[in-house]
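Visitor: For Asn64, Val65, Gly66, Lys67, Ser68, Thr69, Val264, the entry in TrEMBL reads ATP binding site. TrEMBL lists 55-315 with the feature domain 'OBG-type G'.
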Amino acid sequence: MARAACSSVVTALSFIPSKTLLSSRNQLLFSAESKFVGVLTLHKRCFASKVSMSLKAGIVGLPNVGKSTLFNAVVENGKAQAANFPFCTIEPNVGIVAVPDSRLHVLSKLSASQKIVPASIEFVDIAGLVKGASQGEGLGNKFLSHIREVDSILQVVRCFEDNDIIHVNGKVDPKSDIDVINLELIFCDLDQIGKRIERLKKGKAKDSQSKVKEEAEKSALERIQEALLDGKPARAVALSDLEMEVVKHLCLLTMKPMIYVANVAETDLAEPEKNAYVEEVKGLSSDLQSGHVVVSAQVESELTELPLEERTEYLNSLGVSESGLGNLIRATYSLLGLQTYFTSGEKETRAWTIHAGMTASQAAGVIHSDFEKGFIRAETVAYDDFVSAGSLAAAREKGLLRSEGKEYIVKEGDVMLFRFNV
């Protein structure tokens with residue numbers, strides 16, 4: 001598919017047409033299913049990235065699949081103009097969403113904190129695109145520039161029938177919708193990779209270290225190019241740490257972690273596995289080294305209009321027990337390899353987002369660079385130990401509070417107090 005299509009779109013690369021066989025060799029690393037609005041499956045892969053205090057997840061999809069409706073639901077105060085017309089979201093709408101975490105309330109109560117500050121994700125509602133977006137059709141150029149700025153992509157896929165909502169291609173077809181967007185991303189990456197390889201061939205490294213890096217980049221890009229021609233994303237290619245580092249500057253679109261959001265009707269929430277469209281999306285997400293989650297954007301939108309005390313009753317009437325937006329946020333965290341640690345005291349209890357594997361000094365630097373520069377030690381206690389002890393002081397008395405050095409690898413849920421000197 002990609003080889004044949006590219007021959008007429010990116011002429012500078014001289015492609016040989018062939019059939020595309022999407023690989024299903026990926027390993028299922030995490031799977032969780034329940035009768036919630038969200039059903040999550042993740043295929044997680046390590047990737048190089050710096051922690052960002054403004055973590056961004058871009059919501060994309062063809063026109064009228066429900067992406068702006070979902071955005072409105074995710075960001076209750078976000079006022080994206082969801083309308084039954086292509087390209088109604090001309091500029092990206094941005095909203096900050098608190099990451100739900102019940103542990104914050106427990107810690108806050110034990111520490112008698114004055115306020116709670118949850119972690120957050122920035123969701124970006126990106127304008128819809130059509131076939132040919134990589135060549136500037138529709139709002140393609142804006143779509144591609146905006147999508148480069150996000151850390152992960154949430155691709156909303158229509159999995160419901162509704163004659164009152166026009167489908168841009170005339171019928172509900174999840175595979176076709178996914179192919180349109182993915183091919184545009186592939187075309188864009190192929191064009192960029194082709195130009196970069198030509199520059200590498202002409203360039204002459206000034207020293208041996210530069211030569212090693214250039215050879216590593218060229219080798220990595222050639223393997224990525226081959227995968228893209230077979231319809232596979234760049235993230236499906238196994239790269240060494242050096243190769244990942246040297247290609248990172250290209251910000252390849254298909255290297256970004258992807259979650260397919262199957263948008264279903266409210267009647268399919270209780271048993272989404274009975275929806276043939278959902279099963280199709282599930283299979284494709286596995287083949288494409290991505291995650292998937294099932295939501296009903298319309299139901300989530302309706303929930304935001306109800307008082308809190310009525311939301312559970314409404315969900316129960318649909319045969320589900322919990323909203324799926326929490327699952328969507330957790331899916332993003334898991335796919336990006338993120339975790340949470342806490343600081344808790346009388347002033348506030350706060351959740352901090354870091355990459356799994358970060359050291360105590362690096363985690364301190366997320367709060368402020370001075371904390372990392374002048375790091376002395378981190379007084380640390382596991383969340384469960386903190387709760388069982390009842391306070392930081394009690395944890396210290398019981399020997400549960402540890403003094404950790406700068407090389408300590410922070411664990412999920414650690415409660416930390418940093419000592420530093422600048």
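Here, residue 1 is simply the first one shown, and the rest follow in order.
Using the three backbone atoms N, Cα and C, a Cβ is placed for every residue, glycine included.
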Visitor: For the binding-site residues listed here, Asn64, Ser68, which shows the highest count of neighbouring CB atoms within 10 A?
Guide: Ser68
Visitor: Just counting, how many other CB atoms are there within 10 A of the CB of Lys67 (ATP binding site)?
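Guide: If we count other Cβ atoms within 10 Å of Lys67 (ATP binding site), we arrive at 29.
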Visitor: Determine the Cβ neighbour count for Thr69 (ATP binding site): the number of other Cβ atoms within 10 Å of its Cβ.
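Guide: That number is 21.
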Visitor: Looking only at Cβ atoms, how many others are within 10 Å of the one on Gly66 (ATP binding site)?
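Guide: Here the count is 27.
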Visitor: Sequence gap of 6 or more, C-beta under 8 Å: which same-chain residues meet both conditions with respect to Val264 (ATP binding site)?
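Guide: Within the chain, Val264 (ATP binding site) has Cβ neighbours under 8 Å at Cys159, Phe160, Pro272, Asn275, Tyr277, Val278, Val294, Val295, Ser296.
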Visitor: So how far apart do the ATP binders Asn64, Val65, Gly66, Lys67, Ser68, Thr69, Val264 get, largest Cα to Cα in Å?
Guide: 15
Visitor: On average, what pLDDT score does this prediction assign to the domain 'OBG-type G' (55-315)?
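Guide: A mean pLDDT of 84 is what the model gives the domain 'OBG-type G' (55-315).
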Visitor: Just to be sure I understand the packing, how many Cβ atoms besides its own are within 10 Å of the Cβ of Val65 (ATP binding site)?
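Guide: By my count, 26.
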